[in-house]
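> One structure coming up, written as structure tokens, with questions to follow.
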């Protein structure tokens, strides 16, 4: 009996000592083993928010389609010089930049692979929203996003095969073709409806476009906040990935703009190509990463797509702010220049009227 009591006291003491290492809500099984109850909050939140964001994104793309004319859109498809330049930027500049950044910062192989996956992804739909706000070519923007998503079916495996050979077997990377297909459908169908509305009811299309552009801006902020909520436990990663996540989108915007300008595109199309190049489909990158790597590997690089997403948005907003300031200054300067010209025109008109007996020709009006 005494031995039993000592044994019970020992078990109680050891249990109390080990309970400090366990969470308060842990279920203790098999002596000192601590088993936490499964937390489905993040999973449930992710499903609900993904559904809401998908619906919102479809509505935003519908509104963006209200600014697209079928004739101009089809003209870009028939004479795809702008699309070709965008293709070179998307699947030429971005994967090469990812490769060079990975080498320059000498990151771990698994981290280099996630940087390359990001570089090989097609353009994201957020670029269409920002392109609208910077007075870009919406017909080119929509056609570039559509074509890059379609070309990604073949170009992503090819680019990953070429660039990841020195770090990993490209066959180990799982490409979610169903997700790419869903992205394509989610882009094409709402935009097509928007184009139809623009064709049939142009005045209503303008109202829808204004509402959609505001909702799109809210959506961009919402996606960033949601990412921070869902992945707040994964922020402790290598500082090198933070630096790459900062440089990479900035390089994409800059190189895309300069290549478009060298190719002879107009300024508003250069802005469009720049945004389409720097803005990647980060959701697709996250999906590929989750499908391809173990939980231990994910701890080293899972947050990189979110870091890239934050900085691509930050730089896009800086581009937008810079453009708005430039446009305001340009309008102000143009107004100041036109005022003295108007005075000179009125003086010349009055003198012309005096010399011609008060008659003013239609040309001087």
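Just so you know, glycine gets a Cβ as well, placed from its N, Cα and C.
Where the annotation comes from TrEMBL, it is an automatic prediction and has not been curated.
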> Which is it, of 83-105, 267-289, that TrEMBL names as transmembrane segment?
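In TrEMBL, residues 83-105 carry the label transmembrane segment.
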> Can you say which of 140-163, 332-355 is given as transmembrane segment in TrEMBL?
140-163
> Looking at the transmembrane segment (241-263) and the transmembrane segment (306-326), are there 3+ C-beta pairs under 8 A, with each pair at least 6 apart in sequence?
yes
> Are there three or more C-beta pairs under 8 angstroms joining the transmembrane segment (112-134) and the transmembrane segment (306-326), sequence spacing 6 or more?
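Yes, the transmembrane segment (306-326) and the transmembrane segment (112-134) are in contact.
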> Other than its close neighbours in sequence, what residues sit by the transmembrane segment (83-105), given a CB gap under 8 Å and a spacing of at least six beyond its ends?
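For the transmembrane segment (83-105), the list is 76-77, 111-112, 115-116, 118-120, 122-123, 140, 143-144, 147-148, 151, 155, 159, 162-163, 167, 240, 243-244, 247-248, 251-252, 255-256, 259-260, 263, 265, 273, 276-277, 280.
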